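What TrEMBL records for A:18-269 is domain 'Glycoside hydrolase family 65 N-terminal'. Residues or ranges marked as domain 'Glycoside hydrolase family 65 central catalytic' in TrEMBL: A:329-681. TrEMBL lists A:Trp363, A:Asp364, A:Lys594, A:Gln595 with the feature substrate binding site. Taken from TrEMBL, the feature active site, proton donor applies to A:Glu490. Marked as domain 'Glycoside hydrolase family 65 C-terminal' by TrEMBL: A:691-752. Under the heading region 'Disordered', TrEMBL lists A:755-781.
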Number of protein chains: 2
Amino acid sequence: MSGTYPFTVHPWSIGLSGIDESQLTHRESVFALSNGHLGWRGNLDEGDPRGIPGSYLNGVYEEYPMPYAEDGYGYPENGQHVINVPNGQILRLLVDDEPFDVRRGALTQHDQCLDFRAGTLHRAVEWTSPTGRTVRVRSTRLVSLAHRSVAAVRYEVEAVDAPMTATVQSELVANEAIPDAHPEGRVQRTVDAPLQGVEHVVFGSAATLVHRTPTSDLGIAVSMDHVVTGSGTTDPDVTTETSADLARTTISLRLEPGDRLEIVKVIGHEWAAAVSAAGLRDRAEGAVADALRDGWDGLVQQQRERLHEYWTCADVRVEGEPKLQQAVRFAMFHIFQAAARAELRSVPGKGLTGAGYDGHTFWDFEAFVLPVLTSTAPAAAEQALRWRHSTLGHARRRAQLLGLAGAAFPWRTIDGRESSGYWPASTIAFHLNADIAFAVLHYVRSTGDDVFEREAGLEILVETARLWMSLGHRDAEGRFHIDGVTGPDEYSAMVDDNVYTNLMAQLNLTGAAAAAKRHPEVADGLGVGDDEIEQWAATAAAMTVPFDVERRVHPQFAGFTDKQRWDFANTSPDQYPLQEHFPYFDLYRKQVVKQADLVLALYLVGDAFTAAEKERAFAYYDALTVRDSSLSAAVQAVIAAEVGHVDLAADYLAETATIDLHDLHENTDAGLHLASLAGIWLALTAGFGGMRDAENGLRFAPRLPSQLTRIAFGVRIGGQTLQLDITPSATVYLLSDGPSRSIRHFDETLVLSPGHATTVTTPPLPAVGRRPVQPPGRAPRDFAAAFAD
Amino acid sequence: MSGTYPFTVHPWSIGLSGIDESQLTHRESVFALSNGHLGWRGNLDEGDPRGIPGSYLNGVYEEYPMPYAEDGYGYPENGQHVINVPNGQILRLLVDDEPFDVRRGALTQHDQCLDFRAGTLHRAVEWTSPTGRTVRVRSTRLVSLAHRSVAAVRYEVEAVDAPMTATVQSELVANEAIPDAHPEGRVQRTVDAPLQGVEHVVFGSAATLVHRTPTSDLGIAVSMDHVVTGSGTTDPDVTTETSADLARTTISLRLEPGDRLEIVKVIGHEWAAAVSAAGLRDRAEGAVADALRDGWDGLVQQQRERLHEYWTCADVRVEGEPKLQQAVRFAMFHIFQAAARAELRSVPGKGLTGAGYDGHTFWDFEAFVLPVLTSTAPAAAEQALRWRHSTLGHARRRAQLLGLAGAAFPWRTIDGRESSGYWPASTIAFHLNADIAFAVLHYVRSTGDDVFEREAGLEILVETARLWMSLGHRDAEGRFHIDGVTGPDEYSAMVDDNVYTNLMAQLNLTGAAAAAKRHPEVADGLGVGDDEIEQWAATAAAMTVPFDVERRVHPQFAGFTDKQRWDFANTSPDQYPLQEHFPYFDLYRKQVVKQADLVLALYLVGDAFTAAEKERAFAYYDALTVRDSSLSAAVQAVIAAEVGHVDLAADYLAETATIDLHDLHENTDAGLHLASLAGIWLALTAGFGGMRDAENGLRFAPRLPSQLTRIAFGVRIGGQTLQLDITPSATVYLLSDGPSRSIRHFDETLVLSPGHATTVTTPPLPAVGRRPVQPPGRAPRDFAAAFAD
């Protein structure tokens, strides 16, 4: 995206005036509404023009056989792709006999606004038809946080200057055509018209469509009902009709100037794998009836309440750059939307804002998004981890197929089965198992949720620990190695002793051992005896962590620093992302880093490195990291801040904060990047807040960059909230009601009493070396410049 | 294949009595006829029962888009698959109104015999129909070595005991159904009915079908004509009809007992990419007319002459095991068939005996088959290398796409374009480029063919040398490394400094430098200056060859010997081949070898190793090598013989010699393994003959295993033939007319005068260590046991 920032800058909302058809798809992602169970892209009410129509139910996908040019043992056989469920967004307006279309007639007002506190998308339109009739349209939509399967729209039409007949066609549309849904023809065919009609019914102004997916064999029922009021002299005329793929309620009213037609449309969505069509239909219609009892005002009120509760801890105040303030609340709003009601389903990489990555969840959910949820919305974090736990059966079978013990979680999936066909960066990217274990350990430490640990957490830790035991081996000297795996950086593959993987596996093993000791009876039920616990501990102690003595830096993996450096000097700016211009084998065999890998280890397993090692490693890897992945900048921000390059950290933060709003990777069309949205929070809290979590509690090292005058945020600890208010020279810590807690502020231990603000000063910044240099052309934009647009 | 050896043992033919329907597909491969341009599997004349119908024209394939679960830059986009051309084998017989079918009635005789000197497949049948009519059928077929596009059949029917009407339907059949042609549905559809009818014509007893392939856009014309004679009282009745996919000549004659109907059917085959249908038709009909002028006897005579010429040098006499004698002539016959008239086309891994490997050629043609041709049929070898040269344009474009200089030849192809979708063991198996260069160097050294070197050889050497220069890099100490490649062993991938690859690249660079110096004006035309030549030489000198000082063995690649050993003890016999029971990533990261890799380097680049290093390395790798590839046993035979384990070498030879005839890999159905057939010759000549080729001439170290009393073979040197006659205690060398030549016999230099036999004794076998041990259950069968079946 080029040009100036298109959005209105406001601390608690994001708005847009006018309409730019070429940017429509991007805006649909930005303005998406979701509760984690149901997602609506911000398509225009009237359906046209449109970028990519999107109405998703978490867990609804279609399956297709995965194609291989040459097959191999253990290659996953079936792919999964999120599909559109019947679309209830549609409200088409006719002004007399002229269809309302922003591309025709005269559009004198077109404003959209996503409100982070209200949880609604509002639209205000004034339009004059080609025949000269002027109308005002106001629509407000929400995807309910209180009613999991419900979306609702209030749609108002007002005649401005002349009498007219306003006719609204309110629809449910199944099997809408999706432009270029997938590059692979076979998948395209799967996604194109994925639903088979099972049943369609009408009751007065209500209608329900029931469909099923042919291969994944899921049933889906979508139901709508309407409350219609008009200020005109006659009652609105309402008729409803249905066919297999369409339900349509037509509402017509004669309006004099100043008259208004108001429609509240409530849509209920249900799906299940093994429920009868009649059962699904009843559930969907029940959800609509339930929401209608609360009424529009009730739905709006519940929405505000849920969000108010969330923002109490999750809000991050940033002073010094209003667009950054907007960006971080935008991010936190979408993270909450993605997970709030996911409830034992996966959270896709794009949330429910688009069908990018086929609707799959990846390791970055646990590594990037889950820490944010754990600290700000722990109930949602728990649900996400319980979903992983519910997929252990699939993960055990996958491990067994691969000849391994324990559980091997899938690289990408919707329902828990491996759905990735690309092995060098998928099947063997085993680190994701440690990332999940890490998320479990962090969640339990943060919340003290002993019930979760016993019911779900321990089993994840045990099965992933068993995986590592079978995956690695001891050398003649007794050192434990993990060979032939791929770390987070996708420009390396099939490497030995990836430092990130080994250190995370080490945490996994020690964490599993400690948890098993805490719950001996549960461990016993999982077949874990003292011997096994000892082996985990011994293996963790024997873990190999390669170090390049000559260069005094940790190699990303054994031998990495001896490899040939990528020829950055002869790589032109238009050859990025490298993966689209060079073959993987060439990237794999040279020193070039797509995304933080060793640097991610510096963050997540920071205690394994000295401060000097971190500083050297950060500089070494910054010179090799091209950030062709959206997952990198946030981590670089965190470590840049830690090693004292605070202004560089600010530049990385600015990049992270603009990835979706500025569409830096030119793929926000397919949905928002949840992990890089989470990265904004990580850069602020772990970067400038210096927040680290360890066995012995939270540590902070708050230090602002020159561009910011204040950062304030909260984190949940147990049932309490710890608020930090960071200004350049001091930090105020405030703990909510509950027990006292000790934390560390730089080298100092503070005992915080609940309700008492503790103010401590920021020590001076130690001398730091030269600002690290990035590959030519790959330095992050300057903070000010990034937000100037 | 289990049970006893089914074939009749004869030194110059292979025969079979009776018919076993379950083995039909295997026999069709064994009895295939080909001249390298046209191939017919040994299907029964009457078409049913059948295994896999096969009529191939070298270079005729269909193309299909290659499927990827996840795409990547530079992945080859289109696959190629050999297809059946219209089948002219079919001669269906009706005895009165009863179709002749070996599964019905009474089959009192069914003999088939492939004659290595005649180049014909003969069949003798006596059959009594269910209604009691007895006929004798004799058919003899050939694929002409003299007429490249012609096959011919003489088909005789004799009434034995009662009058009858014999009706023969002689056909050309297009788009025959092929059982399970390909596991991938998309390819299956491509191959299933690949031909579109363009034209079909009848002239008297002749008919022609013209087709085209929709995607690869090739035109194919197949024409047939018949010479019919009968000994009955009436003339045979002959009628011909055609439709798009069928031409049928029906020949009918009333026979009294003792009467015979004889049909000579001649079939001409033509194809081209850019020739009109009329042009192709005329060429095919012209070829038939031309062959008919020579007549059946002429065709048979020419066939014998061509083969006689070949056998003069190519024959290998083996005494001590008649089945081995048969096997080696079987092998040499099929190698000649595969290449004799290939003429600027590729030689597929299966020759034209089946559609296995999709009809693709691989590196093993140059590494295994070409040396045999160079030494026994150099004109065919030259054609094959000129074909590679003709594909340099494709190879240069592929290198460019991969960001490399020079030429990158395809891992698998029919027409020279990369057609492999499986990258870890394909795109990055760059060694194939050195294998091709090696074949060029060996051919030029053996033949002294200066014209070839100037016109084609030098350019191949130059472009492959340039590839290595761009693929490798110098480290800080100036050592040259080739990182991230795959060597011959497909149970390792993406490794650094594969010893085989590096040593072969070294030969490639020095060979290119020497050839460029020999032809400075040609080199100049290729842009090769003195600087570049010096760089090649310097790079060759700086080539890294890793050595494990501790274990005193060359690692297959840097770090190989430090890897975890495969857990052979816990691998059960039914888990082989490993690739079908374990994921590749696990094979890749452990010490387990599918096929000779370092041991192939011991053979092809033997001078890079001391005798002690070879002995240690052979034992080390024999303990890790599971021979899941048919390419391994022959190489292990060669090196086992060199290091003194002569009886182990004999066991490996026996395995190589029985791969196809005993169907050891259970896939001979899809065609013969040309490279392992060539391996028989390599095991005998390079193994027990100790033959090595180097800059300074041929060396021999003949030594027989206890099971053999004599091995005699010839090799071409320049225009001469050198004959060796090896008995346990002595070897007789005999050079044909031409200049004297010096060779080495063990450590002795012999100057051979043409026409004078030189007899030298075999030195005593030095003491050798313990017989190397193979992984449990993977030792080769004992020589005697292998041939006892």
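FYI, residue positions are counted from 1 along the chain as it appears here.
Quick reminder: no glycine exception, Cβ is built from N, Cα and C everywhere.
Automatic prediction, not curation, is the source of TrEMBL annotations.
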Tertiary contacts of the region 'Disordered' (A:755-781) (same chain, 6+ residues out, Cβ under 8 Å): 566, 568-569, 571, 573, 576, 592, 615, 618-619, 622-627, 633, 636, 640, 643-648, 651-652, 654-655, 702-703, 728-737, 745-746, 748
Neighbours of A:Trp363, A:Asp364, A:Lys594, A:Gln595 excl. site residues, C-beta within 8 Å of centre, substrate: A:Phe362, A:Ala367, A:Pro488, A:Asp489, A:Glu490, A:Ala596, A:Ser629, A:Leu631, A:Ser632, A:Ala675
Number of helical, extended and coil residues in the domain 'Glycoside hydrolase family 65 C-terminal' (A:691-752), per DSSP: 0 helix, 38 strand, 24 coil
C-alpha spacing of A:Glu490 (active site, proton donor) relative to A:Asp364 (substrate binding site), in angstrom: 13
Averaged pLDDT score, the domain 'Glycoside hydrolase family 65 N-terminal' (A:18-269): 94
Maximal Cα-Cα distance (Å) across residues annotated as binding substrate, namely A:Trp363, A:Asp364, A:Lys594, A:Gln595: 16
Nonlocal residues around A:Trp363 (substrate binding site), in sequence order (Cβ under 8 Å, 6 or more apart): A:Trp411, A:Ala429, A:His431, A:Leu432, A:Asp435, A:Ile436, A:Pro488
Inter-residue C-alpha distance, A:Glu490 (active site, proton donor) and A:Lys594 (substrate binding site) (nearest angstrom): 6
All-chain count of other Cβ atoms within 10 Å of A:Glu490 (active site, proton donor): 23
A:Trp363 (substrate binding site): secondary structure state under DSSP, collapsed to three categories: helix
Which same-chain residues, if any, lie at least 6 apart from A:Lys594 (substrate binding site) yet have Cβ under 8 Å of it: A:Asp489, A:Glu490, A:Tyr491, A:Pro577, A:Leu578, A:Gln579, A:Leu587, A:Thr625, A:Val626, A:Arg627, A:Asp628, A:Ser629, A:Ser632
Composition by DSSP (helix, strand, coil) of residues within the region 'Disordered' (A:755-781): 0 helix, 4 strand, 23 coil
Around the Cβ of A:Gln595 (substrate binding site), the count of other Cβ atoms that are within 10 Å: 23
Cβ packing number for A:Asp364 (substrate binding site), 10 Å threshold: 23
